């Protein structure tokens, strides 16, 4: 740890708990608590500004490629089209990583708002490209090692980052919810029945155990004593047989020196070899234990910048109120008089042209604002196009009816035409968002001179421009009321027109609106008088709502598949790596649950099924999704519902309450362990009493009621999905991810991480490569249990004198049952029966038929010649 670094940590942790609620005394101590490296704010801010500028330049190129002046030609080659998709995916991922870092570390409050808008847009575009890659390759896993090589990137560069603002912006709410959950569980635990207590041991049994242990100890000592006697007798016998003479003092000293010098030289050689291997990066550096001082200072700097974000955000919110009040007091009277003069001039001009005063526009259509709205030529053209489109609707409806009749007869021809047309990129909902953010950056921040804004505080002029419109809108409502009365007086005085008031219409509308609001606000018959807190507590007491384990997605360790493209070109389907699984979880679950904008606009994913052998980390991934997004965890596993909410009425009540609380406290994850039991083909006899198929009908119905704005995700985990009905299972789960056993690279990384996590040290004496090779066929769960059993407290104390060996772990690992090839083949065959698997088989069959057809045509031509 660097000099003086420990003095800042206690105060930093106090601030970190407040999550931005900076106290006045902290604000006074701010300059003194900052380390010298962090006081150079312009240098740090310029770094992230430069990263933002580089990302804007890359976005400019991509927007020019994706939004060209002329529509691009369709691509007929599927491989070239996927290569283009993969290139776009990786380039957008690079921009996403850059923008996420900038948003996490920038302190300027107004820049961060523009950054978040662009960050959501780029994340949405990444999700759209992912869906297009799935439709193109008909696979959930993609291998882009050739594209990485072309772009000169590493596998770490293709990982989709998880924005930290998912949890940081809701830190206070998450902390309060955690406290409520802990209080409820603390009240429940004392009343819960404890497990069966172990009976006290009798005195005779205790004495017998002590005697047995003492006899065993004496036996070991006796055997050791007899072994030493036999060793001495063997030495004497050999000396008599060989007739060896005793060495004199000088020869004995030379012999001892020779042995000792050889031992010292071997020890020095071993140390030099270890230093050399650590220097070239082939072995871990024994001195580099933990984080270095530079890394600690960097982490401390990141924490300070996040705290400064909260401080500047509070100042910005105060400035929004104060500047608005100042504009209202200073510029408000002039704005009000100017609006009145404009409206009076409009009254006079209309009276001069028509001889009568005009009708004042209603508030419903915008009031006087529509009189002075300047429309651009593009808006006028859009209105004309809209009118033309409405006129052609009737013609289109007639043509559609005719096309539907002809379409049934020309299905085969339509498919051939689509194949001839080629592949195109689908329309994107997020490209306009990205383009808008890019334009906003160019107009506001592209040419902004911030040489005098060293501390990166808010810009008052931007706030004035924003609040001036709000003040003008508020004043216009007041002016409209005054000018309506003035117009009525003018009509009475000049035109002698009584003027027709519209109060009756307004009153009738308000009565209808009140009745409508009462209809919408009617209590639910299933939970008429229940509050959200009472429903939340009930689910916790019933064991439905559980506390998620603190697991990061990065803890699901593994490596990249480096030969994926090569194997696919050779006709071999590669095994997905752990990194591919982690990528899909981030794209399908975490990003969508974390951002409301993404969940509403991106392709909707309501449910995901994780299928794979036991111990491959399915449950860990569920907890990682909850941790990364701050989501609630609802457990609707069949084993957890036994004896809870009995009967049809109780089941419907359970589903209603769970989905209601999940929607109101979103984001939420509904987890169903052993998901195959809900859709059993035939329920086993021993499970009939538990009724595992209770949710078979109600669960799909509840999923259909979820809307895009409901951030609720159903995640199922299954070890034996092949025992369930494929059709009903695939209807409930939209995305199915198959988790295989880990490959060699993933096992190597997993062994290292788990040994270090449980307090062990990886030295040269421990051959991790041999462990990874010999543990082929075992899952991550098997490895974790073996490490946990081997690294006991006593073994950790012996580690300085007795380094770890591979045999210690292999003995414990051999006791577990491995994942057999028959189980993997069964899972692969089942996956081919899923919708995506069927499409893949069909595409492979069609490509094989085409090749056979081409081969026959060539043979026919040769025969004719």
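Each residue, glycine too, has its Cβ placed from N, Cα and C.
Just so you know, TrEMBL annotations are computer predictions that nobody has curated.
The range from 347-383, 458-494, 495-531 that TrEMBL describes as region 'Disordered' is residues 495-531.
Per TrEMBL, the listed range annotated as region 'Disordered' is 395-421 (candidates: 314-340, 395-421, 422-448). DSSP places the residues of the domain 'ATPase AAA-type core' (608-727) in helix, strand and coil in these numbers: 54 helix, 23 strand, 43 coil. When averaged over the domain 'ATPase AAA-type core' (608-727), pLDDT in the model lands at 89.
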